[in-house]
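TrEMBL annotations:
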type    : residues               : note
DOMAIN  : 64-253                 : domain 'KARI N-terminal Rossmann'
DOMAIN  : 254-401                : domain 'KARI C-terminal knotted'
BINDING : ASP262, GLU266         : Mg(2+) 1 binding site
BINDING : ASP262, GLU298, GLU302 : Mg(2+) 2 binding site
BINDING : SER324                 : substrate binding site
Amino acid sequence: MASPLTRSTLRALARHSTRVSSALKQTQNASYSALARAVANKSAQRPIAKGTRGVKTLDFAGTKEVVYERSDWPLAKLQDYFKNDVLALIGYGSQGHGQGLNARDNGLNVIVGVRKDGESWRQALEDGWVPGETLFPIEEAINKGTIIMNLLSDAAQSATWPTIAPLITKGKTLYFSHGFSVVYKEDTKVIPPSDVDVILVAPKGSGRTVRTLFKEGRGINSSVAVFQDVTGKAKERAIAIGVAIGSGYMYDTTFEKEVYSDLYGERGVLMGAIQGLFLAQYQVLRKNGHTPSEAFNETVEEATQSLYPLIGQYGMDYMYNACSTTARRGALDWAPIFEKANVPIFEQLYESVKNGTETRKSLEFNGRSTYRQDLAKELAEIDSQEIWRAGKVVRSLRPDYKPE
Ligand SMILES: NC(=O)c1ccc[n+]([C@@H]2O[C@H](COP(=O)([O-])OP(=O)(O)OC[C@H]3O[C@@H](n4cnc5c(N)ncnc54)[C@H](OP(=O)(O)O)[C@@H]3O)[C@@H](O)[C@H]2O)c1
């Protein structure tokens, strides 16, 4: 839940920024978002920003890639670019919340379209969207919007497409944050009309992070892609929307590459693989007589609290250097064994993503009317596993512990 300060400040800023004068626009050029101004000094001191500002092509370990950055889109330019547009956000889950509030705080004309009186409607009301002004049922919002930002769940994008498709008329832009619906069209049946631009901005993080980073005056990394360019301006529009919703840096991709890498990554090291590895390591420790606390500390706590943050900050070699010589030697010897054992599984996973198996499973599960309850049941099973029950006790002993 946003703090009272945040919510009231955001509303005031949103109202203020929609009436922005040209003089104010000039001031805003210097510091990006109205909210970001509060922390501009702090973020300006970050060395990473100094070194990379203005650079368009970066060398990523020998491969040159174009990176688009927010600094090319001062707020006044952004507001001018979208002055005749209505951004209609369809869906108000994690991404709808983050992207919508950021675009609103950037002074753009944003409306939300969700099922009347559903959970998202309630959430949108709480965030200050006003029924009949900025909050509408889905079809009404699409009719009013010029840029239709489809942020329904991926399963819902497919289920609602027959109703939505006829409303996406010539001149509108169709926007997604995932390549899912369009790439797996055989399964989703989402085939965009041929006379509209179809673009994608996929933030590399949850919608909550999209919002938090924006409020801190930073920006999330996002991928941008164009599926269909009718106007010749689709790429430019995608980048501008990326900035509007809170991206700091944007990387080129295609709808296909975005969805393949995303589905693969989350099933792999980001979520599925790491859960499987944690559990496997814990089980063997327990079978060999280690206590739950010892098994948890050696598997999860040290990883998440000590070692993984070092990898995140400075890289894998840095983490190795921070560890004992004994740890280093053993880890260096075992890393290739794990790699070899896991490559076939990752190959199998990539194929399962590419041939649509993962998509079909996801559509089937998330399309059920009971999907929320079914998911809750599976998550409750994880929560009741010994490893995570032990984890609760270990976490409660942290100096900065806050009860859930
Ligand atoms: N979450 C992430 O980390 C993330 C990151 C990058 C990209 N994305 C992409 O962003 C898009 C949105 O994802 P999300 O996580 O923000 O949302 P989500 O939680 O997957 O979807 C929530 C929205 O879908 C609506 N919805 C569900 N079933 C519906 C139906 N049958 N009819 C109408 N509305 C329905 C919900 O409305 P009700 O409340 O009324 O049910 C809610 O507004 C997806 O394409 C996703 O892949 C997500």
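Here the Cβ of each residue, glycine as well, is placed from N, Cα and C on the backbone.
Each residue in the domain 'KARI C-terminal knotted' (254-401) gets a DSSP state, and the totals come to 122 helix, 0 strand, 26 coil. A gap of 14 Å separates the Cα atoms of SER324 (substrate binding site) and GLU302 (Mg(2+) 2 binding site). If you take the C-beta of ASP262 (Mg(2+) 1 binding site) and look for same-chain residues 6 or more apart in sequence within under 8 angstroms, you find HIS178, GLY179, ALA202.
Around GLU302 (Mg(2+) 2 binding site), no same-chain residue six or more apart in sequence has its CB under 8 Å from its CB. Mean model confidence for the domain 'KARI C-terminal knotted' (254-401) is a pLDDT of 96. For GLU298 (Mg(2+) 2 binding site), the count of additional Cβ atoms within 10 Å of its Cβ stands at 14 [all protein chains shown].
Taking only the Cα positions, the spacing between GLU298 (Mg(2+) 2 binding site) and GLU266 (Mg(2+) 1 binding site) is 24 angstrom.
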